[in-house]
Amino acid sequence: MEPILQESDSRFVIFPIKYHDIWKMYKQSVASFWTVEEVDLSKDLDDWDKLTKDEKYFIKHILAFFASSDGIVNENLAERFYVDVQCSEARCFYGFQIAMENIHSEMYSLLIDTYVRDNIEKMHLFNAIETMECVKKKADWARKWISSNKVYGERVVAFAAVEGIFFSGSFAAIFWIKKRGLMPGLTFSNELISRDEGLHCDFACLMFKHLLHPPSKEVITSIIIDAVNIEKEFLTVAIPVDLIGMNCCLMSQYIEFVADRLLTELGCEKSQCI
């Protein structure tokens, strides 16, 4: 049994700190706290009305994916990871992550509610897991890992991929919009959320490094490649980034770069199959 998964009554108290690196990352997460009220959307609507039909389509579908994905991450945290892990330092992080994912979900829902005036279209976006095949495909992959009977090590790799790969291309696309000087509320919230998700992905890698018996490099690489292929399809075929003037080929390369970095963090070599 992995030490961090070994049941102990010490999980009910925080001190004395045993895993100082995990505790440090928890405190880093707390220091990054923010709320949706800090994001000013008042100037976004003027920019929204200036966007092309394709640009609006792209942003709406990206927001629809994000609005549903944070709830999936939270379900995994509440049902699996918080139950799996027995050290109080990690439970503190997971508990705070749940709170932050709720704020992310609220932010994305508020963005959709602000930009989309038609109520029928709005509900279509809020129910993207059911109404959009491209969003459903990503959601199904993540939910498959929530219900999986695989060991914690494999599941933590999968959710590192969700937060490190499934989100990365969409974050980059919104940063592209920022470079054009548009949508200050959207782009500021993107900065805050991408910072949080980067920390969540780093924490998954940290938890992985605490495993004495991690999954094989072959298993890790297979999980990452699977996520990369789904993300490439999402941003180059289903909702292609060329709708907002980005290069699909370069986006694919960026996703590969992110995946290679994640593989390195997980102790693997860069994959030639990505």
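Even glycines carry a Cβ here, placed using N, Cα and C.
Among the features that Swiss-Prot reports, Fe cation 1 binding site is placed at Asp70, Glu101, His104, with the record citing sequence analysis. The Fe cation 2 binding site annotation in Swiss-Prot covers Glu101, Glu163, Glu197, His200. What Swiss-Prot lists as active site is Tyr108.
Asp70 (Fe cation 1 binding site) and Glu163 (Fe cation 2 binding site) are 9 Å apart (CA-CA, integer value). Neighbour density for His200 (Fe cation 2 binding site): within 10 A of its CB lie 24 other CB atoms from the protein chains shown.
Straight-line distance linking the Cα atoms of Glu197 (Fe cation 2 binding site) and Glu101 (Fe cation 1 binding site), rounded to a whole number, equals 9 Å.
Just so you know, the Cβ of Glu163 (Fe cation 2 binding site) picks up 25 other Cβ atoms within 10 Å once every protein chain is counted. Shown in sequence order, Asp70, Val73, Gln97, Met100, His104, Val162, Phe167, Asp196, Leu199, Cys201 are the same-chain residues outside Glu101, Glu163, Glu197, His200 whose Cβ sits within 8 Å of the Cβ centre of the Fe cation 2 site. Other Cβ atoms within 10 Å of the Cβ of the residue listed as 'active site' number 25 in total over all chains. Other than Asp70, Glu101, His104, the residues of this chain whose Cβ falls within 8 Å of the Cβ centroid of the Fe cation 1 site are, in sequence order, Ser69, Gly71, Val73, Asn74, Met100, Asn102, Ile103, Ser105, Tyr108, Ile193.
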